[in-house]
Amino acid sequence: MVGTNTQTIAKSNDWTVYPSPGFYNSDCVLLRPEESIKADALAVEAGISSVQLMETAGKSVATVVAQAVSAPSDLAGPVCVLCGPGNNGGDGFVAARYLEDWGFPVKLYLVGKVSDLSGDAHYMAERFEGTVNQATPDCVKGASIILDALFGAGLSRPVSGIYADLIEAVNHEEDALTIAIDLPSGLDGATGQALGSCVKADVTVTFFTRKPGHVLLPGRFLSGGSDHIHVMDIGIPTKTLTDIQAKTGENIPLAWQHLYPITSPFAHKYNKGHVLVLGGREPTLGASRLTSMAALRSGAGLVSLACPSESYSVQATALTDIMVRRFDSNFGFLGFLDDPRLNVVTIGPGAGVGEKTNELVLGVLKRDIPCVLDADGLLSFVGRSKKLKRKSKGDLKLVLTPHEGEFTRLFPEYPLSEGRLMAARSAAADMGAVVVLKGADTIIAHPDGRAYINSNAPTWLSVAGTGDVLAGMIAGLMAQGMPAFEASSAAVYFHSESAMTAGKGMIASDLLPIIARVLP
Ligand SMILES: NC(=O)C1=CN([C@@H]2O[C@H](COP(=O)(O)OP(=O)(O)OC[C@H]3O[C@@H](n4cnc5c(N)ncnc54)[C@H](O)[C@@H]3O)[C@@H](O)[C@H]2O)[C@@H](O)CC1
Ligand SMILES: [K+]
């Protein structure tokens, strides 16, 4: 699966890696609604008519409906097709025509009149030979299948009025199978947030690529969940992705496998990097142990844990595979950085919030040593995040891994209410650092605007200590030469894979022996 790279140490000029193969591949790239409308337009420029695109789109929706039922006669109620005022409604008319032709009991409902429709939607409405009924909230009662063609990529404001009433009626009809065309109506395809009311679909049929809203939460669940989002090829040439220069993708191996560090037969501990983890004091001694073990399990050649003298004996006794070192002052810790083999420092888990940690972090950054900052390492910069700003346009040297609470405290200027994706992107651009905004849909954002959305985290991953493990995994991959953005993305992905393998009820330390099993 992973690893076509023959280099032992991957190329690491981060800012030149874009575009990566993932952004050319419709399995990975997530087109924002305006980008998908642009893709349609580019396909038209390339000679495919927009009517043909809509015909193929509508037919593909009908095909998914047909595959969901063994035979039209098995349906107790009709297939209700709810059409809105734009081209999403046009897709609904096409799907309704095919389903009628195939013998399905179809009832089509439109908000407004056919004469109000324009362009391709109007043309497709004229071609539909069945009855066009006026949509009212009662119309979906008793339906076996509801096809939601109210709004797709063109949703431009919060849903209200008759549309909100229709959406509520759809969601109330729990026995019906609700299939959304392109996006559940009311879902903002860019942010994954509901704009006013939103259809809760069981299945979503989208075209060419998925949209960020299908992967971000709650959009992923409103769309029926990852396994129920069908992406249909409607003939848009893949090369349009090159012209669009999309910068959002799903965090899958395709996105970063070309930079994954491959262990050469000549590898030894001294050419697989050396991670230094700052160890803490009571009562959070275990956190930095998790981080250091995760770095080692992720393939780093050497891992050292540097801790204050008072916790030295506990840490040294608890760790067998990690070199434990002691220091009595910040000066002592910074002295460890003179070792030229040391190539990543992790500060955070159990480090303590305050001036001392602040000084240590700035000392590391001043020496230009790549650094993963988590937990206390981040919280020590609340109110002074500007001090972390990196100006360099060369290799990215800093990775920040806040969860939502830490992010909000660190970056109040980027409110999460405007969408996690945008907030993480803005913070990354501002700081000149990789920002890993943790959550059920972790975002990994690069200062140049690229971002991956992670989707393979099981619910049980959210337990104490798993963030400490993630920080170690990122550091471990960076130590082996993987660029910061891709190392962070790969670590997030394999962290979730490890949790998946560990299973429900796992605790953070269960992940450690599994990491090495799931890594390629
Ligand atoms: N060539 C193309 O552009 C293709 C488009 N396709 C379909 O077309 C869709 C996009 O079509 P459109 O751009 O026409 O957009 P939509 O059909 O999603 O909706 C746009 C219409 O809804 C209105 N509207 C937006 N928000 C509203 C709100 N909150 N309340 C009331 N009215 C609202 C707008 O004024 C406009 O009339 C895609 O989602 C897809 O389903 C597919 O047929 C594939 C080809
Ligand atoms: K829809």
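Even glycines carry a Cβ here, placed using N, Cα and C.
Record features, source TrEMBL:
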- 87-91, 152-158, Y163, D182, A287, G350, H403, D468: (6S)-NADPHX binding site (BINDING)
- N88, D148, S185: K(+) binding site (BINDING)
- K438, G439, A440, D441, T442, G467: AMP binding site (BINDING)
- 36-242: domain 'YjeF N-terminal' (DOMAIN)
- 252-520: domain 'YjeF C-terminal' (DOMAIN)
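Positions of TrEMBL features highlighted on the structure.
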{"residue": "N88", "record": "K(+) binding site", "DSSP (3 states)": "helix"}
{"residue": "D148", "record": "K(+) binding site", "DSSP (3 states)": "strand"}
{"residue": "Y163", "record": "(6S)-NADPHX binding site", "DSSP (3 states)": "helix"}
{"residue": "S185", "record": "K(+) binding site", "DSSP (3 states)": "coil"}
{"residue": "K438", "record": "AMP binding site", "DSSP (3 states)": "coil"}
{"residue": "G467", "record": "AMP binding site", "DSSP (3 states)": "helix"}
Message: Counting other Cβ atoms within 10 Å of each residue's Cβ, which of the binding-site residues G90, G467 comes out lowest?
response: G467
- prompt: Helix, strand or coil at A153 ((6S)-NADPHX binding site), per DSSP?
  reply: coil
- prompt: If you measure D441 (AMP binding site) to A153 ((6S)-NADPHX binding site) at Cα, how many Å is it?
  reply: 22
- request: Would you count the other CB atoms within 10 A of the CB of N87 ((6S)-NADPHX binding site), including those on all shown protein chains?
  value: 26
- request: Using C-alpha atoms only, work out the spacing between N87 ((6S)-NADPHX binding site) and A440 (AMP binding site) and round it to an integer in Å.
  value: 32
Query: What is the total of other Cβ atoms whose distance to the Cβ of K438 (AMP binding site) is within 10 Å?
result: 25
- request: Just the binding-site residues from N88, G90, D148, G439 whose C-beta lies under 6 Å from any atom of ligand 2, please, or none if there are none.
  value: N88, D148
- prompt: N88, S156, Y163, K438: which of these binding-site residues put a Cβ within less than 6 Å of any ligand 1 atom?
  reply: N88, S156, Y163
Field: Number of Cβ atoms other than its own within 10 Å, given for G439 (AMP binding site)
entry: 18
